[in-house]
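Just below is one structure, and these are the notes that go with it.
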Amino acid sequence: MKNYYSMSFDDLSKVFDTGVNGISNKEAEVRLRKYGFNDYEPPPKERIIGRIFKQFRDISMIVLLVAACISLIMALRDGSGFIEPIVIFGIMIMNMSLTIIQERNAEKAIDELSELNTPNCIVLRENSRVVLSKSQLVPGDIIYLQSGDLVPADARLIECTQFEVDESSITGESESCEKSSEVIFNENIPISEQKNMVFSNCHVTKGKATAVVISTGMKTQIGKIASMLNQSKKEITPLQKKLNRVVNFVSMISVAFSAIMFLFGLIRGENIWNMFLTMILLSVAATPETLSLIVTLSLTRGVKNIVKIHGLVRNLHAVETLGSVSVICSDKTGTLTQNRMEVKKIWIEDDEIFGSNDKFNEKRSEFVRKLAMASNVDLNLENNTVANPTEMAILKLFFNVKEKIEDVYLKVHEVPFTSERKMMSVVFRNNKENNFLILTKGALDKMSFEEANTKKIENVHDDFTKNEALRVLALGSKIVEKFDPSSSDFNNSFLETGLKFEGMVGIFDPPKNDVKISVETARKAGIKVIMITGDHVNTASAVAREIGILDGVTNVISGEELKNMSDEELYRNIEKYSVYARVLPEDKYRIVQAWQKHNHVVSMTGDGINDAPALKLSDVGVAMGIAGSEVSKNASDLILTDDNFSTIIQSVREGRNIYSSIQKTVCFLITCCCTEIIIMIVPQILNWGILMSPIMLLLIDLLVTGLPSLFFAREVSEENIMLNKPIDKNSSILSRVFLSKLLVQVVLTSISVILSFYIGRFISVSQSVYPDLKVAQTMSFLTLGISSVLNIFVIVSKSGILNHNWHTNPKLVITSFFTMFVLVIMVLFSNLGGVVLGSVSISFAHWVAVFCLSFVPLFLGEIIKTRLAGVAQ
């Protein structure tokens, strides 16, 4: 890359074939075709056919497809009807369609957000200033920048007046950078020292400038960082891995037991095609094929809930990953803090320390007046929003005190602030006294005072920095009779030595209002909050201590120390540090990587371009919607539309709630699947016959297990959900609590259903009612259906069905009782049941047996659950 900062305007004109009149519109079109639009290349969008094939990576979808095809072949061969294949294919299509629609809606939302954030710029074309979209810029364009603008491309300044740019999104520095159009002759200087260059996506805080565009799109500094994103590859989420393991295991079990059942039927000489159909439908019914659909519905509802709390989810499965987050790596400026400096403490010699809201006497007011005069903002504009944060803090103090500058003072000279000098000086002519007032403000250790109480000043300074964690600005003054900056012996030392100490202020960049509460909530939830910033170590430490990130146990580390660490050393020591200061983008990448090696689920939050690679690498990348750059948004999984850190914690809560809902769903579906396997295989082994017809089994699978479970996601989170530890990404989807519920309900339900079948098959309940296979199948069908519905209440409630807030999820309750009603109606009206199910009418005694046995798993399950909970406590 050429060092454009070392070229004059004449040299730049030759390189880019431009001039004082700009380039022509025709030439701009040619260059636009050559260099492309001034946009960042988004990740390639997946085609619809690719999205469809991606669905079949799920083993449950594969089993469902195989079962549907076999069922269709059998229907065509034997003319046995198309109910089974139609239903199976319908489930597949619903699942794929919903997933694809939700993914595309998320992408559409982020695209619309990017379009809304595309700025315009003023460009010189054919000697006329025109307003164009940023994307239309080409190298060689001459652009005009002023305070409040967003720099549209990398450019070389050719003219500027008191021009300053906020480059925090590139360099991490929170203070604005003063710019110049002067040629720089040094070679290979870092970006932060290229004073005659401006970079895309940086904010102009002061002044105006003219510049020549040198790089656009992916060739800009932002584009180079954006290209790093391609090195990060997203893996499937922890929940996806767990669900795959569960579904695979249950699928293998169902297939194995279905095959065993088929073999027993063949040995006993039963109809081969009936047994084959039963085997196929059992493998379908005992495979939780609706699990993928229900999980998608749960995650979709989570997306909608997060939208209500000002979050935009770009990746559907990031919702459940939020529940597993154990480390949040957060940028400081604009994420944890407001990036709005405010004066917190003031001290004047021979006075006590006071705050900005305390009472001001004449001496205090005079100090504020002089402090404001020693600035480079327009004191006649109270809403001077383009000033840098430090000047804005002083300006706010000035207007709060309601001070005015006397007309006798005329500003005649200024020596601007530089990061090397750490001070600035302003000279005013006093037309009334006919002398000159020199005011200097800056870092205390860089200034020289005469006749000052040095010990007292140092004590106050230490109090401000060590105890209050403030950034200190001191003010000095002196009066001279003559002032001639054109004289040969004039230099800055003349202005900035022999000063009278006026006082000092402590300035603090306040944290966002509820960030401290959010950090504490995260701590109680077992989540470690890490601050990663480009700011100075002391500044970072101060903010971290203020908001509760530094707890006295963990330490602070600088980017320089981090650079000297190998990856292995960083891995060993990563848990010692809560604050990382003066870091570079590649440092953030390493930090996230090191935490992930410790098996943590890491969320990275940020708003700048320098956060983007780590956002992409992290398990859940969180970008700021208002202040965030386009690249960071594209790299993220979650966008905070209100830029509020607390929204992350609320999103984590929602993620945990969705995970809990999915656990309940899995527990319920696996309970049903395992029960179906047991009740179908045991009677076959005992030579009692087939417990229920394939259509009965399929209807139970679709109506009883499928419909109510769709509303599990509507469960309201438990009050203490944020007092639990993060969900271990390596743990089973079924915790001990849910596994114990599953085992208990499977055993109790299986026994009840088999007993129901036994009564109908072998016991005469009266002289007129004899044992019958059809009666037994009808009874087992009813018992399985009703008991499965009642199992929902056992599984969903954590502290007992009587203590659960069922009114918060009425659709689950209504749907559950509705399914029981449908089952009963189908059997009561034997014509309907006989045609669809092959069921028969049963006697009153059989109905009593069915209902008694159906409620056994509910009552015994509640008793066992309560006792197990007591043992756990």
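Placement of Cβ uses the backbone N, Cα and C atoms for every residue, glycine included.
Among the features that TrEMBL reports, domain 'Cation-transporting P-type ATPase N-terminal' is placed at 3-76.
Residues or ranges marked as transmembrane segment by TrEMBL: 59-76 (among others).
Annotation comment: TrEMBL describes 82-101 (among others) as transmembrane segment.
The transmembrane segment annotation in TrEMBL covers 246-267 (among others).
The feature transmembrane segment is assigned by TrEMBL to 273-299 (among others).
Listed by sequence, the residues of this chain that lie at least six past the ends of the transmembrane segment (666-686) yet keep a Cβ under 8 A from its Cβ atoms are 243, 246, 250, 253-254, 257, 260-261, 264-265, 278, 282, 285-288, 290-291, 294, 692, 697, 700-701, 704-705, 709, 712, 733-734, 738, 741-742, 745-746, 749-750, 753-754, 757, 780, 784, 788, 791-792, 795. If you look up TrEMBL, you'll see 666-686 (among others) marked as transmembrane segment.
Residues or ranges marked as transmembrane segment in TrEMBL: 692-713 (among others).
TrEMBL lists 733-759 (among others) with the feature transmembrane segment. Sequence-distant contacts of the transmembrane segment (733-759), counting only residues of its own chain at least 6 positions beyond either end whose CB sits under 8 Å from a CB of the stretch, comprise 239, 242-243, 245-246, 662-664, 666-667, 670-671, 674-675, 678-679, 682-683, 688, 691, 765, 776-777, 779-780, 782-784, 787-788, 791, 794-795, 798, 846, 849-850, 853-854, 856-857, 860-861, 864-865, 868, 872.
Away from its own ends, the transmembrane segment (779-800) comes close to residues 664, 667-668, 671-672, 675-676, 679, 691-692, 696, 700, 703-705, 708-709, 712, 715, 718, 737-738, 741, 745, 749, 752-754, 756-757, 759-760, 812, 816-817, 819-820, 823-824, 827, 837, 839, 842, 846, 849-851, 853-858, 861-862, 865-866, 869 of its chain (Cβ-Cβ under 8 Å, at least six residues beyond either end). Under the heading transmembrane segment, TrEMBL lists 779-800 (among others).
Taken from TrEMBL, the feature transmembrane segment covers 812-832 (among others).
Tertiary neighbourhood of the transmembrane segment (844-864): same-chain residues 741, 744-745, 748-749, 751-753, 755-756, 759-760, 765-766, 769, 775, 779, 782-783, 786-787, 790-791, 793-794, 800-801, selected by CB-CB distance under 8 Å and a gap of 6+ residues from either end. Residues or ranges marked as transmembrane segment in TrEMBL: 844-864 (among others).
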Positions on the same chain near the transmembrane segment (812-832), where near means CB under 8 A and six or more residues out:
703-704, 707-708, 710-712, 714-715, 778, 781-782, 785-786, 789, 792-793, 796, 806, 839-842
